[in-house]
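TrEMBL lists Cys5-Cys15 with the feature disulfide bond. Residues annotated as domain 'EGF-like' in TrEMBL: 1-39. Annotation source TrEMBL lists domain 'CUB' at 475-587.
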Amino acid sequence: DIDECSFERTCDHTCINYPGSFECLCHKGYTLYGLTHCGDIDECSISNGSCDFGCLNTMGSYECVCPPGKKLHWNKKDCVEMVKCLPNAKPAPKAQLVCSKTGGIESCFLSCPSNTLFVPDSESSYSLSCGVPAQHGKAQPRRNATLPSCSDSLAPPIKQKARFKIKDAKCHLRPRSKEKTKDSGKQAVSDNCQVTFVNLKCDSSKKKRRGRKSPSKEVSHITAEFEVEMKSEEVSDTCNIDCVRKRMEQKLQTAIKTLRKSINKQQFYIQFSGTEYEVAQKPAKATEGHEACSTGQVLQDGKCVTCSTGTFYSGEHSQCVPCSPGTYQDTEGQLTCEPCPSNDGQGVAGARNVSECGGKLNLCSPGHYSSDGFKPCTVCPLGTYQPEPGRTLCFPCGGGLVTKYEGAVSFQDCETKVHCSPGHYYNSTTHRCIRCPVGMYQPEFGQNYCITCPGNTSTDFDGSTNVTHCKNQHCGGELGDYTGYIESPNYPGDYPANVECIWNINPPPKRRILIVVPEIFLPIEDECGDVLVMRKSASPTSITTYETCQTYERPIAFTSRSRKLWIQFKSNEGNSGKGFQVPYVTYDEDYQQLIEDIVRDGRLYASENHQEILKDKKLIKALFDVLAHPQNYFKYTAQESKEMFPRSFIKLLRSKVSRFLRPYK
């Protein structure tokens, strides 16, 4: 068995080797094309991503968007009115900044009970948000908050930004050690400030100072933004809205002042799920042993693995813990779980999104809907359908079409005037089947959309029925000074129609080019419609080294007849093939005579064994490596060289090399 997965560039994403073959797999949100390549799926082309309103494709994923005045439902697809309060929804617990003073030392902690997002940006910086920013202007939160509670805010929130500096400390969110927590003992004076939204960024990337020698001590900068909501309850006859605003601003400023003192004394902590975390530490502390993985990751089989969705990283136990019933987590590597909208502590442990909160049982099933997506549900009326669970609406068939029954689950249940075959989609305005345009395909019968080709691929013709018709138009290859390769577009999948590729190999001075064509697949049926040619320049009369328009499964090696090479591949609109991947090497021109002697000797191609060498990517790589840099020969032991190649091959080379190096003996 050849382990294809051990070659470079076998698969774009994941490679699985089988006896006698291999298979490529793609990451979530990507699909396979051209046998080994992965392209982003445009989910928005598949029934608008099942979005209620707008759909936005992203690399490896997509997002649904809502019109102004509406917000995204927790199912991340439907749009709901902003103002609706869920009757049974408890308001999401607010973040709190609690500061206290014990024995003249201020210490503060920020508790983050809901809507938290932790993003490790790099080894020495992270950002963290807590709460939901006010929807004034553009500031959309990264995370869609659970439905709003019924507290009404009057005016725009109070916003303040502050910067703090911590000397000799590195940004790293780390659980506070047990002993320290005990010291805090009974709190003396405690100030409590409720915050609607906090965004905190900690960065300790070393900045090089010009001129004078900078001390190598690290400085961490913390940037914090706070938002506090104005509450209508606080307005009274004695204190109107402006007065309340002033009071709150002062309160927030005082809190920030205390916070500054506590940060200077390294007494500032952030609390998630009952564990307190230090925001940054002095380097001395960091040497306490197992600091192998960053926060939010655990060590598994010697690798750092990020805590998956449905779990959170518990600093106390330094492991990933499933979310408790009544909470969920839809993002990896987080430090806490989010409370479910109807937070009665019911439901399943380890919920990965809101729809799993109440367990799968409480969701409306496909073909049904309700105002919040949970039971009790209404069946989709005639003329509408809903393929997914937990939705707040059904999609109309359009064009006055009816469904065969209530509770339909797909467009295929709509009674269309004509039945469309694969490669077509149904237009419900004109009631006709339309061929999928170029760059799209549809494998199923009776659908009302075509799927956009993955990544930046397209099809040769309209009416495509399969993702295999999607081809990358990009001319492949890497052109290095010493080694490189050229590759037909979409290789090893079939190359596209009407494509032209041009490559120029221009070696460094005193070097010549050697090329190996392991195999090439160009269909002969269409009278030389697809051609690969290598010559000195673009001029048709220049010296030609190689030209072919047909399939050769036997390998061939040859030296270029000119110092530079101009290479062209052209295909017509006729049939297509797998094409080629052709490696080359440039070698010192002093060896010209020896190399030509080897590649022109029929014995190089005579046996199956020798042909296999020229087709074996690993062996060609080793041979090319030594040809480009002869001193690399000594990287391989005599034993290794012997085991890599059959004896007949070594014998052939040895006789030629010794004759070349010692002509007079």
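Including glycine, each Cβ sits where the backbone N, Cα and C put it.
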Among all chains shown, work out which of the disulfide-bonded residues Cys5, Cys15 has the most CB atoms within 10 A of its CB.
Cys15
For the domain 'CUB' (475-587), mean pLDDT (0 to 100):
95
Across the domain 'CUB' (475-587), what are the DSSP residue counts per state (helix, strand, coil)?
0 helix, 54 strand, 59 coil
By DSSP, how many residues in the domain 'EGF-like' (1-39) are helix, how many strand, and how many coil?
3 helix, 17 strand, 19 coil
